[in-house]
């Protein structure tokens with residue numbers, strides 16, 4: 001499943017190393033010179049990603065195949081923008097706090113765009129830009145954060161195995177079993193491990 005639905009993925013998902021600037025979190029934060037990262041590097045960190053048809057997601061057989069193969073039984077849709085998200089400023093601030101979850105974070109961008117920031121094996125920030133049609137799975141135990149870009153809008157499908165648990169554990173929470181498993185499987189072994197749905 002991880003190797004399917006990859007055509008044109010680079011058009012909707014890009015990644016690069018971030019600078020250390022404290023400027024607006026919604027800016028791209030490229031280093032100078034820019035350091036783009038091949039999407040294979042994200043796979044080494046346990047991140048899965050696909051390009052799907054966001055214009056017809058309700059009838060998309062590829063989305064159905066992913067959901068069935070990975071056991072994503074729960075689904076909802078969330079609009080993140082000042083006009084539609086109650087307590088927008090507080091929530092955006094919370095999303096940008098570095099945290100982990102004890103389950104995967106699965107997001108499928110149906111409209112708009114946003115940034116998922118993750119850490120590489122050397123604890124350096126990687127910014128992942130996801131646009132309409134991009135689907136991304138961050139493994140359980142991976143520290144990350146999210147922000148909108150300067151367009152201030154994303155409509156995202158949230159998927160989950162079973163009943164959703166949205167509890168964020170702000171860094172540091174290295175004692176959690178999900179974090180220990182992630183470090184053992186991905187960081188300590190240098191990546192390239194297929195991560196099962198949790």
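For all residues, glycine too, the Cβ spot is worked out from N, Cα and C.
Database features (TrEMBL):
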BINDING   99, 101, 105, 144  Ni(2+) binding site
BINDING   99, 101, 105, 144  Fe(2+) binding site
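Cβ neighbour count for residue 99 (Ni(2+) binding site): 19 (other Cβ atoms within 10 Å of its Cβ, all protein chains included). Report note: the Fe(2+) site is defined by 99, 101, 105, 144, and the residues of the same chain whose CB lies within 8 Å of the CB centroid of those residues, excluding them, are 100, 138, 142, 143, 145, 168. With a 10 A radius on its CB, residue 101 (Ni(2+) binding site) counts 21 other CB atoms from all the protein chains.
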